[in-house]
Amino acid sequence: MRSLYLIVFIVISLVKASKSDDGFCSAPSIVESDEKTNPIYWKATNPTLSPSHLQDLPGFTRSVYKRDHALITPESHVYSPLPDWTNTLGAYLITPATGSHFVMYLAKMKEMSSSGLPPQDIERLIFVVEGAVTLTNTSSSSKKLTVDSYAYLPPNFHHSLDCVESATLVVFERRYEYLGSHTTELIVGSTDKQPLLETPGEVFELRKLLPMSVAYDFNIHTMDFQPGEFLNVKEVHYNQHGLLLLEGQGIYRLGDNWYPVQAGDVIWMAPFVPQWYAALGKTRSRYLLYKDVNRNPL
């Protein structure tokens, strides 16, 4: 009889342990419990810096830099005051030092902050990841940009970005490559207002934030993947890429390397590096992608 009581006690204890968060049968969820209550792109600005089992390794980082690509993860971002901006910290993530012809950086605007102007002949695109800013141009007209909004500023276009509280922007800049008499224009928009474009042979959802006319020498894409979806084409091309993963997680192939990636990660892709992505987890993956277009590579 005592043996029977002992067996029953052990079984009940195991069942309770398996149902508790501390039980040996439990496993952490890959989905945050408050995921649905947080604003869009929250995870990109509040990333998981390292898995719990690696928190005792102070020197651990997922960041990698190679000749033809780089993975720059949030624990590696180094912020300092942005030149010509007020009350703003920036982290330069991709620059010509890597071989790129463009710059990509994060700008963390604090209370009562404002932007500076880029150098002469430099075009700029800003995308709001967190908070809100006000864009003002030379005619004193202003537009409020909130999360998921963006603005393209042509070269030598006088403007100011002002922030009353706080905001996080991802900024792309490059020296404009003039083509005949073609000129670009100020563009203000939001991702949800852009149409879905056809992607023959692919399953992801594609939006382009800039016009596809020859005046524009780069474009910014958003690409959405549901869990389990992946690129069909294993891309190898002359275009350069700068990428910010806004949502989700997955595996990115760069060359012969396969990297686990998550929201908040930045990737630099040089020309002709083999590249491929597959979405994992339980939520949508969305990334923001820079791509040079409409110019002869010669």
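Glycine is no exception: its Cβ is also placed from the backbone N, Cα and C atoms.
Annotation comment: Swiss-Prot describes 1-20 as signal peptide.
According to Swiss-Prot, the domain 'Cupin type-2' annotation covers 222-288.
Around Tyr287 (substrate binding site), the same-chain residues six or more apart in sequence whose CB sits under 8 Å from its CB are Thr222, Met223, Leu243, Leu244, Leu245, Leu246, Tyr277, listed in sequence order. Swiss-Prot lists Glu235, Gln275, Tyr287, Lys291 with the feature substrate binding site, giving experimental evidence as the kind of evidence.
Swiss-Prot lists Glu235, His237, His241, Gln275 with the feature Mn(2+) binding site, giving experimental evidence as the kind of evidence. DSSP classifies Gln275 (substrate binding site) as strand under the three-state reduction.
Cβ atoms within 8 Å of the centroid of the Cβ atoms of Glu235, Gln275, Tyr287, Lys291 (the substrate site) belong to the same-chain residues Met223, His241, Leu243, Met269, Tyr277, Leu289, site residues excluded. Cβ-based neighbour count (10 Å, all protein chains) for Gln275 (substrate binding site) stands at 21. Among the listed binding-site residues, namely His237, His241, Lys291, the Cβ with the most fellow Cβ atoms inside 10 Å is that of His241. Residue counts for the domain 'Cupin type-2' (222-288) by DSSP state, with H, G and I taken as helix and E and B as strand, are 0 helix, 39 strand, 28 coil. The DSSP secondary structure for Lys291 (substrate binding site) is strand. On the backbone, the CA of Glu235 (substrate binding site) and the CA of His241 (Mn(2+) binding site) stand 12 Å apart.
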